[in-house]
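Novice: The structure under discussion is supplied below as structure tokens; questions concerning it will follow.
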Amino acid sequence: MFSLKLFVVFLAVCICVSQAVSYTDCTESGQNYCLCVGSNVCGEGKNCQLSSSGNQCVHGEGTPKPKSQTEGDFEEIPDEDILN
């Protein structure tokens, strides 16, 4: 019984590890994809450039990260407009 539990735990760990996404170091030519939103993994003074084909590491400014939403970003809608 203990061996079965151990096997199930081992199997679950293997599945989780195999599904993990790994990002490689970005190269000088910027052809490797890189994580941009949330954290910057480009390194070596490079920044992420967002594009529809994927995120690439580039020298320079890159694409600014989206600012987080705050309460002041939205206009309040009066209750009577919602109910009508």
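Just so it is clear, glycine is given a Cβ too, placed from its N, Cα and C backbone atoms.
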Novice: Of the residue ranges 25-36, 73-84, which one carries the region 'Interaction with fibrinogen-binding exosite of thrombin' annotation in Swiss-Prot?
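Specialist: My reading of Swiss-Prot: the region 'Interaction with fibrinogen-binding exosite of thrombin' range is 73-84.
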Novice: Between Cys57 (disulfide bond) and Cys48 (disulfide bond), how far is it from one CA atom to the other, in Å?
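Specialist: Pair distance, Cα basis, whole Å: 5 Å.
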Novice: On a count of neighbouring CB atoms within 10 A, which of the disulfide-bonded residues Cys48, Cys57 is highest?
Specialist: Cys57
